[in-house]
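Written out below as structure tokens is the structure these notes cover.
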Amino acid sequence: MRPQGPAASPQRLRGLLLLLLLQLPAPSSASEIPKGKQKAQLRQREVVDLYNGMCLQGPAGVPGRDGSPGANGIPGTPGIPGRDGFKGEKGECLRESFEESWTPNYKQCSWSSLNYGIDLGKIAECTFTKMRSNSALRVLFSGSLRLKCRNACCQRWYFTFNGAECSGPLPIEAIIYLDQGSPEMNSTINIHRTSSVEGLCEGIGAGLVDVAIWVGTCSDYPKGDASTGWNSVSRIIIEELPK
């Protein structure tokens, strides 16, 4: 009987080897052993040689624990360039005021002592170069103003641009009103006080602009005795501003 493979039990194999060894005859010369027995002995020796020293497989061991994490690998090679993206939508053009950097543009005209005592008409003028048509003009008149009368009166100081008052959005003006005198209040007191007329005007085209300060009457009130720029510096300041 031959073993059926390495899966045979150790006890069975040891028993087979012992049986073969017991059947071996005592040593003698080859000439005295019949050929049939010689073949049987040779076959037994082959079986002994085949299984002698064989390591038999034992039962499976307990699964081992997880190993430590390995070291980081070397960096990979750069990938191939990606494909071009889809074409974007058409953008919108920015307005001129954002595309170009804004350059300050201003001017000042001043007079040391106007001493202008007219009650109606132009007081002073300053010519300005406006660079853009979509900008606004900031104007300022600063100087002493006075109004005197015995009865109630009113005077108005206002700006004009190329001979017309501002219409974008409204006129730029300042008024002084003086009430009728009384025994307690002497309205003939002569007071000169530094005041200002200031505002923004839009809708004026680019180019030369004649900016002037005028004095006139108020609606529904008589004029009085007006004075502008007495004994002090008067000035007109003009500045172009982005809208």
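Easy rule for this one: first residue shown is 1, then count along the chain.
Placement of Cβ uses the backbone N, Cα and C atoms for every residue, glycine included.
For the domain 'Collagen-like' (57-90), the number of residues in each DSSP class (helix H, G, I; strand E, B; coil) is 0 helix, 0 strand, 34 coil. What Swiss-Prot lists as domain 'Collagen-like' is 57-90.
Residues or ranges marked as N-linked glycosylation site in Swiss-Prot: N186.
Annotated region 'Disordered' per Swiss-Prot: 62-85, in sequence order. Only residues 6 or more beyond the boundaries of the region 'Disordered' (62-85), in the same chain, are considered here, and none has a CB under 8 A from a CB of the stretch.
Summarising the annotation, Swiss-Prot assigns signal peptide to 1-30.
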